[in-house]
């Protein structure tokens, strides 16, 4: 396929994705810009995959981390890691080349995995908010109310519901037959936008905001209770005081993770709703920026843990040293020096 850049122009639709009628126009970027974007995306994918892989390994390996909250963190990290491993490479090519070159089967599979991992993330953050709410607001009953078995049920729901939900829309024709007037065919050959239509724009909005409202309301209550506990903490014994402080620290850290998630995903979610009302007028470049800003969230959580959790930093130090080969390392106490 020939692509020609006009002299003095940075980029322009100078070619088509395929040499067929109805092909999508292809925006050709200068080689230097393409290489720069590929390198930036590669670094982002590396941080996403390795950072979340370490979370998965640390929680799995160190027995002291086998708690309900950490199992939820492990499952969340697994979703983010798989996003970086299976979704982002093809998304990078699509964004840089402005075309989908991988066929209809991979288009549908890529869309399925993309939606699955993103919905799984928000479900897990919602469940983690419930866990922190129980730990802070009802600390005496928390160990019996939120057990490992309960956490595993939440994890199963966090994966199962998004998997069934996304498969229903992508691999059945029920919605297509019932709401054909709302749905549009693929705008052109070489595009992979199966779920970007008016119906999905309206459906995506509550799927994002209902869990977000739940998380915000829970963390507001956590903040009120934690403030009250801070005034009472001096009267507690030293051991109980330390336990309460650890729970509050975890709630604060995970609250930051939820806040960053909202900031990263809000532009994309609002745009999908508004764009469906305005007949999809968002420029492709702006839409790609919103998508990648949302993807960026998957790399954030391990970075948050590094700066917030002593156990995470200690586990990282052990992983990068020879001590990881010692059988005693698996039972190491990561919470004390």
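Quick reminder: no glycine exception, Cβ is built from N, Cα and C everywhere.
What Swiss-Prot lists as topological domain 'Extracellular' is 1-38 (among others), and the listing cites sequence analysis. Looking only at the topological domain 'Extracellular' (1-38), the predicted model's pLDDT averages out at 69.
Long-range Cβ contacts of residue 21 (N-linked glycosylation site) within its own chain (separation 6+, distance under 8 Å) are none. Under the three-state DSSP scheme, residue 21 (N-linked glycosylation site) falls in the coil class. Under the heading N-linked glycosylation site, Swiss-Prot lists 21.
According to Swiss-Prot, the feature disulfide bond maps to 24-188 (among others). Counting Cβ atoms from all protein chains shown, residue 188 (disulfide bond) has 17 others lying within 10 Å of its own Cβ.
Per Swiss-Prot, transmembrane segment is recorded for 39-59 (among others).
The topological domain 'Cytoplasmic' annotation in Swiss-Prot covers 60-70 (among others). Away from its own ends, the topological domain 'Cytoplasmic' (60-70) comes close to residues 128, 131-132, 135, 146-148, 150-151, 250, 311, 315, 329-335 of its chain (Cβ-Cβ under 8 Å, at least six residues beyond either end).
Residues or ranges marked as transmembrane segment by Swiss-Prot: 71-91 (among others).
Within the chain carrying the topological domain 'Extracellular' (92-109), a Cβ under 8 angstroms from the stretch's Cβ atoms is held by residues 17, 24-27, 29, 34, 37-38, 41-42, 45, 170-171, 190-192, 194, 284, 288, 291-292, all 6 or more beyond its ends. The feature topological domain 'Extracellular' is assigned by Swiss-Prot to 92-109 (among others).
Marked as disulfide bond by Swiss-Prot: 99-192 (among others). Its Cβ placed at the centre, residue 192 (disulfide bond) has 23 other Cβ atoms within 10 Å. Classification of residue 192 (disulfide bond) by DSSP places it in coil, neither helical nor stranded.
For 110-130 (among others), the entry in Swiss-Prot reads transmembrane segment, with the evidence type sequence analysis.
Annotation source Swiss-Prot lists topological domain 'Cytoplasmic' at 131-154 (among others), citing sequence analysis.
According to Swiss-Prot, the feature transmembrane segment maps to 155-175 (among others).
Annotation comment: Swiss-Prot describes 176-204 (among others) as topological domain 'Extracellular', evidence class sequence analysis.
As annotated by Swiss-Prot, region 'Extracellular Loop 2 (ECL2)' applies to 176-189, with the evidence given as similarity to another entry.
For 205-225 (among others), the entry in Swiss-Prot reads transmembrane segment, with the evidence type sequence analysis. Cβ atoms under 8 Å from those of the transmembrane segment (205-225) belong to residues 119, 122-123, 125-126, 129-130, 132-133, 136-137, 251, 255, 258, 262, 265, 269, 272-273 of the same chain, restricted to positions at least 6 beyond its ends.
What Swiss-Prot records for 226-253 (among others) is topological domain 'Cytoplasmic', and it gives sequence analysis as the kind of evidence.
Annotated transmembrane segment per Swiss-Prot: 254-274 (among others), in sequence order, evidence recorded as sequence analysis. Residues 121-122, 125, 128-129, 132, 196, 200-202, 204-205, 208-209, 212, 215-216, 219, 222, 282, 286-287, 290-291, 293-294, 296-297, 300-301, 304, 308 of the same chain lie 6 or more positions beyond the ends of the transmembrane segment (254-274) yet place their CB under 8 Å from a CB of it.
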Stretch winning on C-beta pairs under 8 A with the transmembrane segment (39-59) (pool: 110-130, 155-175, 285-307) is 285-307
Per DSSP (three-state), residue 99 (disulfide bond) is coil
Apart from its near flanks, which chain residues at least 6 from the ends of the topological domain 'Cytoplasmic' (308-337) lie with a Cβ under 8 angstroms of it?
54-55, 57-58, 61-65, 246, 249, 252-253, 256
